[in-house]
Structure formats: structure tokens, C-alpha cells
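These come from TrEMBL:
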DOMAIN    60-226  domain 'ATP phosphoribosyltransferase catalytic'
DOMAIN    230-302  domain 'Histidine biosynthesis HisG C-terminal'
Amino acid sequence: MTDIINKLSDRLLFAIPKKGRLHEQSLSLLKGADLNFHRRNRLDIALVQNFPIALVFLPATDIPKYVAEGNIDLGITGQDEVAESGANDKIDEILELGFGKCELQVQVPVVGGATKVEELVGKRIVTSFRSLVGKYFDELDKKYLTEEQKQAGVKTKIKYVSGSVEAACTLGLGDGIVDLVESGKTMKTAGLHPVSTIISSQAILICNKNPSNLSLVSKITSRIKGVIAAQKYVLVNYNIQRIHLEEAIKITPGRRAPAISPLEDNNWVEVQSLVSKCEVAEIMDKLEEIGAKDILIHEIDNCRV
Ligand SMILES: Nc1ncnc2c1ncn2[C@@H]1O[C@H](COP(=O)(O)OP(=O)(O)OP(=O)(O)O)[C@@H](O)[C@H]1O
Ligand SMILES: O=P(O)(O)OC[C@H]1O[C@H](OP(=O)(O)OP(=O)(O)O)[C@H](O)[C@@H]1O
């Protein structure tokens with residue numbers, strides 16, 4: 001451990017979620033960006049071999065605080081964690097990473113629960129997002145509590161639990177909860193349904209406003225952008241008769257323009273173009289309809305676009 005600590009002083013410190021929903025995908029981003037490291041068993045610091053960077057494995061919840069205070073230069077966490085930390089104006093949100101997508105929702109029991117979020121005003125809300133939920137219900141209190149209730153000191157009570165928030169209504173701790181929802185399976189299984197959404201979130205790359213090595217931050221950001229772009233696009237290749245080329249270009253315009261190469265048979269050309277992964281099936285259908293042949297789709301490992 002001391003040998004590693006001695007090597008930290010000249011390195012950019014980059015925080016990675018040490019467990020939970022963001023851990024695995026953060027590691028695959030690092031791999032895609034070719035940041036090589038070896039993490040010793042149970043050690044939360046790992047030196048990157050091919051850059052003057054040290055990775056620090058921390059809970060996603062704590063990462064905004066470390067980055068805001070300058071103890072860490074760069075970090076991956078959730079937008080929800082940044083909002084909850086209240087550190088938004090002390091950090092730069094550099095890049096949305098496209099994973100860890102979820103919504104922070106107010107949920108109530110399907111049977112016998114409130115039907116609208118304003119019915120929860122003055123009641124008990126259980127959550128792990130004390131600050132965001134406190135602010136959210138302060139606004140609702142102002143709007144929906146009567147003057148008599150305000151004067152009597154009535155307020156919505158925000159109760160903190162660190163996990164398994166969905167159990168709170170069944171166990172009688174709260175009248176509603178606020179927790180993250182992705183597929184909705186956890187919520188449904190617990191007999192809950194949403195009555196409002198507080199924020200939408202995804203994983204994000206954040207940076208201190210004065211990082212120790214700005215050019216290295218830019219380099220790492222470009223590499224990560226390349227990995228993300230590669231996940232969004234595929235390369236499509238096909239042959240088409242020249243007479244249909246104009247229509248084909250409309251279907252696959254590429255980011256700038258498609259690459260067009262002549263074939264031995266002068267009536268045909270080969271076209272290569274980047275297309276969005278989520279549109280690929282539809283694009284192949286359209287190409288087939290105009291007579292394209294030999295349509296090939298290639299995954300992209302990495303790119304700069
Ligand atoms: N179901 C989900 N789908 C997508 N992203 C999620 C989901 N749940 C959480 N996240 C994202 O992952 C972040 C970390 O949540 P996670 O539940 O994995 O926490 P954790 O670090 O493992 O801590 P704990 O296990 O103590 O709750 C959240 O702040 C959110 O940005
Ligand atoms: O809508 P879903 O796809 O069901 O996901 C929602 C669940 O995911 C998160 O918890 P996680 O499973 O990460 O564990 P935790 O409760 O220990 O935080 C969140 O707190 C919900 O419980």
C-alpha cells in the first residue's frame with residue numbers, strides 16, 4: 001500500500017464506482033479507452049500503467065464530494081448523485097456516458113396509496129435521497145399545505161434509509177417512498193407505482209474545476225467519447241446499382257458523406273457509411289427495397305467522430 005501511495009503525487013486521480021450498478025460499465029469504458037491497470041485484491045487504488053493516472057475506487061455516492069473539494073480530479077458517478085450532493089456548481093459535468101439510466105420517482109402502494117403526489121404532503125416519505133427529496137417536498141408543502149397547517153408546523157417528514165427503500169411502505173415506515181426506477185420490476189414487485197418523477201439520471205464523467213492536469217483530462221475525455229460513439233454506431237457496407245445511388249445516399253448519408261468506391265462492373269458501386277445502431281434494422285430494410293446487395297454490418301471497437 002505505501003509503495004502505491006508514494007507514487008500518487010504526480011498522478012491525475014480518477015474515481016471509479018467501486019461497486020453497484022455503475023461499476024462494471026465504468027470498467028469496460030476504461031478498457032475501451034485503453035487505460036491499463038492492475039487492481040490488487042481489496043485495494044481501492046490502482047496505478048494506470050500507460051498514463052500518469054491513479055484510479056481510486058469509491059462509492060458512487062461519495063464521488064461528487066471528492067471531486068468538488070479537489071481531492072479527486074476526475075470521476076464517474078450518476079447525475080442523481082451529483083444532484084443529491086449539491087455540488088453541481090463546484091464541478092464540471094463533462095460527458096454523459098449513456099449507461100446507468102434511471103429515474104428518481106415518488107412511489108406509493110398500488111392498493112390504498114395516494115393517487116396524486118400532492119396527497120403525500122404532510123405525510124411520511126422514505127428515501128436514500130434526503131436532500132433532493134427534502135427540496136422537492138418543501139416546494140410541494142409551500143404549494144399545497146393550508147395556512148393553518150403551515151402555522152401549526154405541519155411538514156412532509158423525510159425519513160432516511162440506506163437501501164431496500166421499497167420495503168418501507170409495507171413495513172409501515174412511510175406513506176410513500178422515493179427511489180430509482182429503471183425497468184420498474186422492483187417497484188412492481190413491492191406493490192408500488194409511481195406518482196411523479198423528480199429527476200432522470202445517467203452515468204456522467206465529472207471533473208474538478210481546476211484539475212491537476214487539464215491536458216490529460218482532455219485526452220481521457222476524447223478517448224471515452226470515442227468508446228461511447230463506437231457503441232452508438234455501426235458501419236454498413238453494401239453494393240448498389242449506380243442508378244439507385246442517389247436514393248441509397250438518402251438512406252445512409254453518413255456523418256459527413258458516405259464513401260463510394262467503383263466496382264469491376266461499372267453499373268455497380270460499393271457504399272460504406274456510419275449508421276446509428278438503433279436504426280440499423282430499418283435501414284437494412286430500406287436498402288433491400290431499393291435493390292442493395294451484400295449488405296454487411298460491422299461493429300466498431302473504437303472511433304473518433
Ligand atoms: N436500477 C438502476 N438502473 C440503472 N442505474 C441505476 C439503477 N440503480 C442505481 N443506478 C445508478 O447507479 C448509481 C449507484 O446505485 P447503486 O444502487 O448501485 O448504489 P451502490 O453504490 O451499490 O450503493 P448501495 O448498494 O449502497 O445502494 C445510482 O446513483 C444511479 O445513478
Ligand atoms: O427498476 P428496476 O430495474 O427494478 O431497478 C430499481 C432498483 O435498482 C436500484 O437498486 P439496486 O438493485 O441497485 O440495489 P440497492 O437497492 O441495494 O441499491 C434501485 O434502488 C431499485 O431498488
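Note that Cβ sites are derived from N, Cα and C of the backbone, with glycine treated the same way.
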Need one number: mean pLDDT over the domain 'Histidine biosynthesis HisG C-terminal' (230-302).
95
DSSP on the domain 'Histidine biosynthesis HisG C-terminal' (230-302): how many residues come out helix, how many strand, how many coil?
26 helix, 29 strand, 18 coil
